[in-house]
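All remarks here apply to the structure that follows.
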Amino acid sequence: MRVKFSKMHGLGNDFVMLDGISQRIRLSPDKIRRIADRYLGIGCDQVLLVESPRDPDADFRYRIFNADGSEVENCGNGARCFARFVRDRRLTGKKRLKVETSGGLLQLKLMDGDQVSVDMGAPVLEPEQIPFNADRCAESYLLEVHGETFTIGAVSMGNPHAVLLVENVQEAPVTQLGPLIEVHPRFPQKVNVGFLQINSRSQAQLRVFERGVGETRACGTGACAAMVYAHQRGLLDDQVGIQLPGGNLTIHWSGPGQPVTMTGPATTVFHGHIIL
Ligand SMILES: N[C@H](CCC[C@H](N)C(=O)O)C(=O)O
């Protein structure tokens with residue numbers, strides 16, 4: 001099967017975008033892994049498949065697959081690239097879009113230049129909905145990892161995130177600790193792991209070891225989850241700049257029950273065909 005694709009990224013978190021509306025596309029975990037393979041395929045962190053919506057309120061549905069072939073609930077950087085992709089492929093003329101994901105309905109706004117703003121919905125803090133095994137809902141939790149105890153936040157943005165505060169994000173044990181927490185038994189669906197260095201009440205730096213991928217250059221849902229955790233602890237204001245290795249996201253959240261808004265770029269790199 002010969003399939004058209006677009007290669008895109010959000011701050012270096014890179015994607016293969018597939019239009020499953022104009023093309024008949026059948027994916028499997030093996031096909032996803034091959035597309036994502038940086039030697040045997042195109043290479044990407046996630047594969048994003050655009051489909052017609054099931055929800056009558058939505059303009060589109062988009063499905064998110066990590067490089068390991070797993071299908072997941074949400075992808076912040078991917079949502080911005082999705083909006084740019086459907087607009088550039090003339091699948092819509094709208095600047096405001098509602099898109100259905102398995103993690104819920106997102107509202108997107110295409111802005112001037114390469115910027116896209118996404119209403120990511122309200123964060124979920126109830127442990128069993130994250131899911132995270134804990135006796136009760138708390139601002140932070142103690143997590144034992146191979147005999148060492150860490151303080152973490154646990155937040156879902158449709159997908160699960162653990163967040164650790166660090167003094168120096170450049171020196172954080174992302175590659176050592178990230179994979180251990182990713183598969184920690186208290187996270188029954190595994191977890192994305194964020195390392196957050198707070199520089200002021202309106203600026204922080206973040207690195208993320210992503211579930212199903214490894215460390216990425218940026219993670220949109222990770223930036224939202226990290227901001228929510230630090231905001232809950234009274235460490236960040238309602239509007240912050242989160243600096244990731246690939247660039248900066250602006251996150252806004254005014255408190256429990258309110259939606260998190262994320263604004264950042266979406267970049268198209270090239271178009272092509274792949275034989276699946
Ligand atoms: N690895 C994530 C999905 C992609 C999230 C990230 N790329 C983003 O921009 O939010 C997970 O397994 O939940």
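Just so you know, glycine gets a Cβ as well, placed from its N, Cα and C.
From a predicted model like this one, the values you see are computed outputs, not experimental measurements.
Per TrEMBL, substrate is bound by ASN13, ASN66, GLY76, ASN77, ASN159, ASN192, GLU210, ARG211, GLY220, THR221; the candidate from GLN46, GLN129, GLN243 named for the same site is GLN46.
Each residue contributes its Cα atom, and for ARG211 (substrate binding site) and PHE270 (site 'Important for dimerization') those atoms are 26 Å apart.
With the fewest other C-beta atoms within 10 Å around its C-beta, ASN66 stands out among the binding-site residues ASN13, ASN66, ASN77, ASN192, THR221. In the three-state DSSP scheme, ASN192 (substrate binding site) falls into the strand class. Within 10 Å of CYS219 (active site, proton acceptor), as judged by C-alpha distances, the recorded positions found are ASN13, ASN77; the full candidate list was ASN13, ASN66, ASN77, PHE270.
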